[in-house]
Amino acid sequence: MTLVGNFSPLVLVGDSDRVEAETVGAYLDGWAGHDKVRLATANAIKAILSGAGRLVGRIARGYLPGDPGKLVGVNSDQDQQKSIDVGSHNLFVELLIAAGVASILSEEADLPVAGKADGLVAVAIDPLDGSGNVGLGAPLGTIFSIFPADVEEPFLQPGNRQIAAGYVSYGNSVDLGFSVGEGVIFATLDPVSGQFHITRRNVKLPERTSDLAFNASVQRHLSAGMQAYVNDAFLGKDGPRGRNFNMRWLGAAVGDMHRIMQRGGLFFYVNDSRPGYEKGRLRLVYEANPIAFLAREAGSKATDGSRPILDIVPQTYHERSALVFGVAEEVDILGEYFVK
């Protein structure tokens, strides 16, 4: 018996059978105009979206063609690499080189990959954030940052020199959040047309939140100040904060970012006493920087606990950093505890 057939998709009340919202490609074309750096930026983003469309097709097939989570090596920091990590890296590098970028820094390669000698932009990318969730139906994503390639080391510039940044969240829909410095825009992939269509513009975070995203299992390893922050929040309305807090933790920075950008919240992944976590765990150049760029464009903040992420000058390509981002008021409150 055939359980699944070639059926038309479910249509809900109020649904339209046509997607008429502007495509991201059309938006980027209008934004870029005839400016050479903007055109290079637009082409890089289009290449990433093309790769995302191809990658999600493989993600959706799960274990059918083979094990996407098969271990095949280690990256520069000795993190285990899965088959899908390497495949997604190769995919995005190929597309970005074809798009004419000057160089690509990927989590899955020790050194930047050279592109077009006279390219105007450089792209830092984590091809598949949260790959530990592969095959589990949990969040996965791609996150990227675009810098001007007008200096010898484009990836060792502070984040405030970013031209654009964004992420693609592979969930029950394929969603894009990005900014070219003119506010945060959301878009969703239409699987019929293969195009990302804009769904929201000028996204802003709320002024207050009671949602926290962090790994509670490591609380005992946090500094005294950070433990006090967590304890005070968990005391709820009977504690010094005077209100109850909820906890959300998706185990992938892109997943938590996407939720917070829509619902508000505070994410933190800071340094702690465990070996290898003394400086935090997320990568500054291609994780913390794009998140901080989007946070700023959404009227919120991102710090390493005390310093704005966008002001930090990286010393190495794969430098790690503590990261706190989300609703500005809560970032400031956490910062007061962080320095205790």
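Backbone N, Cα and C define each Cβ position, glycine as well.
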Further Mg(2+) 2 ligand in Swiss-Prot, beside D126, D129, within candidate set E278, E287, E297: E287
Recorded Mg(2+) 1 site member, picked from E107, E108, that accompanies D126, L128 in Swiss-Prot: E107
Integer Å distance between the CA atoms belonging to D129 (Mg(2+) 2 binding site) and E107 (Mg(2+) 1 binding site): 9
Inter-residue Cα distance where the pair is D126 (Mg(2+) 1 binding site) and E287 (Mg(2+) 2 binding site), in Å: 7
Helix, strand or coil at E287 (Mg(2+) 2 binding site) [DSSP, three-state]: helix
Cβ packing number for E107 (Mg(2+) 1 binding site), 10 Å threshold: 26
Count of other CB atoms lying within 10 Å of the CB belonging to E287 (Mg(2+) 2 binding site): 27
Residues flanking the Mg(2+) 2 site, with Cβ no more than 8 Å from the Cβ centroid of D126, D129, E287 and excluding those residues themselves: E107, I125, G130, G141, T142, I143, A253, V254, L282, R283, Y286
